[in-house]
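Engineer: From Swiss-Prot, here are the annotated features:
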type: SIGNAL; residues: 1-18; note: signal peptide
type: MOD_RES; residues: Gln19; note: pyrrolidone carboxylic acid
type: REPEAT; residues: 26-79; note: repeat '1-1'
type: DISULFID; residues: Cys50-Cys77; note: disulfide bond
type: REGION; residues: 70-186; note: region '3 X 6 AA tandem repeats of D-R-[EQ]-W-[NQK]-[FY]'
type: REPEAT; residues: 70-75; note: repeat '2-1'
type: REPEAT; residues: 80-135; note: repeat '1-2'
type: DISULFID; residues: Cys90-Cys132; note: disulfide bond
type: DISULFID; residues: Cys106-Cys133; note: disulfide bond
type: DISULFID; residues: Cys139-Cys196; note: disulfide bond
type: DISULFID; residues: Cys143-Cys189; note: disulfide bond
type: REPEAT; residues: 181-186; note: repeat '2-3'
Amino acid sequence: MDLTLLWVLLPLVTVAWGQYGDYGYSYHQYHDYSDDGWVNLNRQGFSYQCPHGQVVVAVRSIFNKKEGSDRQWNYACMPTPQSLGEPTECWWEEINRAGMEWYQTCSNNGLVAGFQSRYFESVLDREWQFYCCRYSKRCPYSCWLTTEYPGHYGEEMDMISYNYDYYMRGATTTFSAVERDRQWKFIMCRMTDYDCEFANV
């Protein structure tokens with residue numbers, strides 16, 4: 001690579017990823033983007049879990065109308081900051097049915113640490129489950145919804161959380177019966193740095 005180009009790009013990369021510095025860990029990037037890098041093939045089920053003590057911080061997907069109007073998926077995880085502690089329990093949430101819109105957050109104030117999905121040829125759509133982890137008795141606050149991903153049905157999707165102190169707690173999706181595709185809005189929340197008494201927020 002030309003050294004001039006490297007010196008131009010290096011400060012940009014440093015600024016973009018420097019926001020993760022408070023974690024005290026390096027950012028665990030996506031798997032390889034090649035065909036072998038996706039967690040699933042089209043029309044195939046999958047189960048993806050972050051390593052213990054990490055949560056999902058990025059979601060990438062491409063749509064293929066010829067392959068059952070399905071998507072291939074890729075995720076990136078990052079360790080939670082030491083102030084949050086270790087996860088005290090993890091579980092799979094209830095299934096969100098294929099062919100329907102849905103809204104779900106992790107119960108018990110959990111954070112999203114994985115996804116599980118199965119494809120249904122009959123509706124050209126997937127059912128979804130979140131893998132959630134709870135961190136002691138920490139509670140979410142200052143929650144908000146991201147913009148829609150993808151921006152339009154059928155487009156590539158690339159969501160990265162650049163706010164290091166916000167965590168994914170769930171999502172809401174629309175479903176187009178015409179396009180056989182979904183748009184996602186992810187639910188992002190901050191977490192208290194102390195234990196609280198709320199069972200679920």
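Glycine is treated like the rest: Cβ placed from N, Cα and C.
Show me how these features fit into the shown structure, please.
Structural biologist: Per-residue confidence over the repeat '1-1' (26-79) averages 86 (mean pLDDT, predicted model).
With a 10 A radius on its CB, Cys50 (disulfide bond) counts 24 other CB atoms from all the protein chains.
With DSSP classes pooled into helix, strand and coil, the tally for the region '3 X 6 AA tandem repeats of D-R-[EQ]-W-[NQK]-[FY]' (70-186) is 3 helix, 66 strand, 48 coil.
Listed as Cβ neighbours of the repeat '2-1' (70-75) (distance under 8 Å, sequence separation of 6 or more from its ends, same chain) are residues 30-31, 33, 37-43, 46, 48, 50, 56, 58-64, 114-115, 117, 119, 124, 126, 157, 181.
Counting only same-chain residues at least 6 apart in sequence, those with a Cβ under 8 Å from the Cβ of Cys196 (disulfide bond) are Lys137, Arg138, Cys139.
For Cys143 (disulfide bond), the number of other Cβ atoms no farther than 10 Å from its own Cβ, over all displayed protein chains, is 15.
Beyond its flanks by at least six residues, the repeat '2-3' (181-186) meets 59, 63, 69, 71, 125, 145-150, 152-154, 157, 159, 161, 168, 170-175 of its own chain at Cβ-Cβ distances under 8 Å.
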Engineer: How big is the Cα-to-Cα gap, in Å, between Cys189 (disulfide bond) and Cys106 (disulfide bond)?
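Structural biologist: So the alpha carbons of Cys189 (disulfide bond) and Cys106 (disulfide bond) sit roughly 12 Å from each other.
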Engineer: Measure from the CA atom of Cys90 (disulfide bond) to the CA atom of Cys50 (disulfide bond) and give the result in Å, rounded to a whole number.
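Structural biologist: Answer for this pair: 11 Å between alpha carbons.
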Engineer: Which residues, sitting 6 or more apart from Cys90 (disulfide bond) on the same chain, put a CB under 8 Å from its CB?
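Structural biologist: Within the chain, Cys90 (disulfide bond) has Cβ neighbours under 8 Å at Gly110, Ala113, Tyr131, Cys132, Cys133, Arg134.
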Engineer: Please report the Cα separation of Cys106 (disulfide bond) and Cys143 (disulfide bond) in Å, rounded to an integer.
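Structural biologist: Cys106 (disulfide bond) to Cys143 (disulfide bond), Cα-Cα distance: 13 Å.
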